[in-house]
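Enquirer: Below you will find the structure I want to go over with you.
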There are 2 protein chains.
Amino acid sequence: MELLQKNRCFDGEQRIYRFNSQTLKGDSRFAVYLSPQALEGEACPALFYLAGLTCTEETFAIKAHAQGMAAQLGLILIMPDTSPRGDYVAQGDHWDIGQGAGFYINATQAPWAEHYQMESFIVDELYELVLQQFPVQQNRVGIFGHSMGGHGALTLAFKYPDKFKSVSAFAPICAPTQCPWGEKAFSTYLGNDQALWAQHDAVALVGEKGALFNEILIDQGLDDQFYSQLNPALFQQVCVQVGQTLTLREHAGYDHGYYFIQSFMDDHLQFHAVQLES
Amino acid sequence: MELLQKNRCFDGEQRIYRFNSQTLKGDSRFAVYLSPQALEGEACPALFYLAGLTCTEETFAIKAHAQGMAAQLGLILIMPDTSPRGDYVAQGDHWDIGQGAGFYINATQAPWAEHYQMESFIVDELYELVLQQFPVQQNRVGIFGHSMGGHGALTLAFKYPDKFKSVSAFAPICAPTQCPWGEKAFSTYLGNDQALWAQHDAVALVGEKGALFNEILIDQGLDDQFYSQLNPALFQQVCVQVGQTLTLREHAGYDHGYYFIQSFMDDHLQFHAVQLES
């Protein structure tokens, strides 16, 4: 694990690392924010943040304005890249597929299966690495994300509730089996068997697994230019059906970008801090 | 004035405009953050933020994490570009001169003088435009900046105390006549007459003008990779000599970048809000 960059920030440290991933079969970068408490070696709760289409491990660190509140709450933030990267990694035909668009699933189809193993990368390899390398309280790890990464956070939380004790999302793709982004990604990475797709669809997963969390927090802008891809109403519906408490906040005037995300970032960090205490 | 982008942010709006500048003889962009109060048409105090070398009008908006506190305090933030831009504008040989490096002065030397008129642009043309277009309280306008923009903020405040009632800076170039960045910029833009240079040097200006502000706030990282270009001690010295109150805070471990700036941003906004009330 190689430290590429570190910057003091709110008395903690913002860092970028590179390491050779066995799961992705190549180098991968991730960013981490260590709160002042973590920097002193104190065991802290941690949050994985999964970013959206086209983003990298640095997007959240620069644009989300999370470090100030993370420092106050004593949180460690883990920010993986959104896909495998490199000349040897298959490229997509557009920004919504391939590099920068891993969708947090394990591809089964050629040529993608060779490197696109983002689900195992996050929940096994990176998760273990983070527990080894940073002073993380093992039973206090949460996950959140935005858009494609909101889909990732919701699905990974419901698939691995033993690993993630809290979950929230900004403008998540709630039902990827029912929107163009998801249909393209799932048919590309998983092939045409739609029974497989459902295993990676938050609405389907909650319907199958039932209520697993005390509460889920979702923020959604009502001027979101990608609203038709997101289907928050379907997610709300299935949460009601299974008795999963959901706080879905819809915000007039807000769009899909990081100016929206930063506006509600403190709320999400405080939400996770409370959930991870219980 | 053409609105290029707007994003709801902390119930205010982050915007980018383009307009044809008579001073710069070409199109120029600037960003503005309108607090919720300003968006409702309420007259608000305003701060000009001058960015550093290589930055654009968007850098501060994305990286400085200022909007949350600006919304709380009811501030309008004005973020100009750092130089004229365009194919028809003279280019420099390196990132420390030419486009992205206007140094907030009016060039007198060819080929720079044609477009590089950043001082007049900020204090006359953009200043007037902002007063016309946004609900700014005319007697409550402050200025701050970073690095080259910290130099800009300090010098423009001491040259135009009737226009700027408060001033602060992050890691400013305090004595450009005595550091390589400044020597290169001033000899390029102004020629070799060093008597002219002194008119644009914060240390020299404060020595000449004396104490003009209730207080000046400067934050400086002690791990700043450009520390030798900045000379905060010279600025502190001249402030003591003339009786100008200065709060110079030196921070162990912090470098020159926006992770440093964001860590102390709220303090600067609160400082200006207090100074502009008096």
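Just so you know, the numbers here start at 1 and follow the chain as drawn.
Keep in mind that glycine also has a Cβ here, set from the backbone N, Cα and C atoms.
Note: TrEMBL annotation is automatic and uncurated.
Values in this document were obtained by computation on a predicted structure and should not be read as measured data.
The active site, charge relay system annotation in TrEMBL covers A:SER147, A:ASP224, A:HIS256.
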Enquirer: Cα distance, A:HIS256 (active site, charge relay system) to A:ASP224 (active site, charge relay system), nearest Å?
Expert: 5
Enquirer: Around the Cβ of A:SER147 (active site, charge relay system), how many other Cβ atoms lie within 10 Å? Please give the count over every shown protein chain.
Expert: 26
Enquirer: Taking 10 A as the limit, how many CB atoms besides its own sit near the CB of A:HIS256 (active site, charge relay system)?
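Expert: The answer is 22 other Cβ atoms.
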Enquirer: Specify the count of other C-beta atoms within 10 Å of the C-beta of A:ASP224 (active site, charge relay system).
Expert: 21
Enquirer: Roughly how many angstrom lie between the C-alpha atoms of A:SER147 (active site, charge relay system) and A:HIS256 (active site, charge relay system)?
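Expert: That separation, Cα to Cα, works out to 8 Å.
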